[in-house]
Amino acid sequence: MSIEVRGLSKRFGAFRALDEVSLHIETGELVALLGPSGCGKTTLLRIIAGLESADAGSVLFAGEDATEVDVRQRQVGFVFQHYALFKHMTVFENVAFGLRVRHRSQRPSEARIRAKVLDLLGLVQLDWLADRYPAQLSGGQRQRIALARALAVEPRVLLLDEPFGALDAKVRKELRRWLRRLHDELHVASVFVTHDQEEALEVADRVVLMNAGRIEQVGSPREVWERPATPFVYGFLGDVNQLHGHATRGVWRLGEVALPAPDLPEADNQRAIAYVRPHDIDLARAGTAAPGIPVRLNHVYLAGPSAYLELARQDDQAIIEAQVPEPLFRSLGLKEGEALLAQPRRARVFAVQP
């Protein structure tokens, strides 16, 4: 079942949580709502679920207006960050809860409930824990049980609010890959909230970048990474250097450094910022003929296959970050305190707005 939101707005007092947000999600699609704290992503998720009401706009499921439909009638599965499992119930009883509290006319028989619960526990690969209590489970196991409970009521839509946020990094990585595989089996429209860029880019079919209550960009993980639509998206998705210069007729310049600025073909000495990823910066020793930004190597730290360099510009001491393969760093023989030239080889240039 598809999900569509049209012109959603929501205020909490003077704070504008959502500002005319519109979005369409297809059946079977896994969509990530990504952004910093306070950007509106959880508010949007809660309005879709029916846990929060919008001041304006509408929510449609499969083309039918569900804006005023009670949360209990929306057939939405919701998974919270902190599991919300009943401590006094076993794993089996937690998963069965949504089925057992249905109105008598809609409640399955105990035999069908048992079969359904065992099937779901098998789906999340935890059928062997049916008689355990939440306190006897790991964080990752609790989250999978919470997901099984959400699926027990056969939701038309699955919503997850930072489902792995309370878990350690290794477990989080394992579970998000598991969620991707599970979603492909279920084939329902799923939306999950996260502030973790890596999580969104790895798991989602599409990523919705949100900022200050508005959508900045919607696209596949590859699209938003390779072609960020706004300075915010560029800055939020990974590390980036911001180099202030000027653009004229599609060329950005800073001192002797020149880079293409195809988005600014009519610019005439316009202030512009080049957004450069650390891995798109080459290094040369000071005194070479090649153009570059004079810097001094402040600090180096090695992490796996890469060396991360903190460079201080010699004109204003602003920091530039560079990332080079560890073997290349060792072959260059660079030392902290050494004078170098930072040479950006690729950038996305945005005009400075007046």
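Every residue, even glycine, has its Cβ placed from backbone N, Cα and C.
Listed features, source Swiss-Prot:
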{"type": "DOMAIN", "residues": "3-237", "note": "domain 'ABC transporter'"}
{"type": "BINDING", "residues": "Gly35, Pro36, Ser37, Gly38, Cys39, Gly40, Lys41, Thr42", "note": "ATP binding site"}
Note the Cβ centroid of Gly35, Pro36, Ser37, Gly38, Cys39, Gly40, Lys41, Thr42, the recorded ATP site, then list each other residue of that chain whose Cβ lies within 8 Å of it, in sequence. His195, Met210, Asn211
Per 10 Å Cβ neighbour count, which of the binding-site residues Gly38, Gly40 ranks highest? Gly40
With neighbours defined as other CB atoms within 10 A, the best-packed of the binding-site residues Gly35, Pro36 is Gly35
Long-range neighbours only, meaning 6 or more apart in sequence with Cβ under 8 Å: which ones does Ser37 (ATP binding site) have? His195
Listed in sequence order, residues with CB under 8 A of Cys39 (ATP binding site) and six or more positions away: Met210, Asn211, Ala212, Gly213
DSSP three-state assignment (helix, strand or coil) for Gly38 (ATP binding site): coil
C-beta crowding around Thr42 (ATP binding site), within 10 angstroms: 20
Number of other Cβ atoms within 10 Å of the Cβ of Lys41 (ATP binding site) across all protein chains: 30
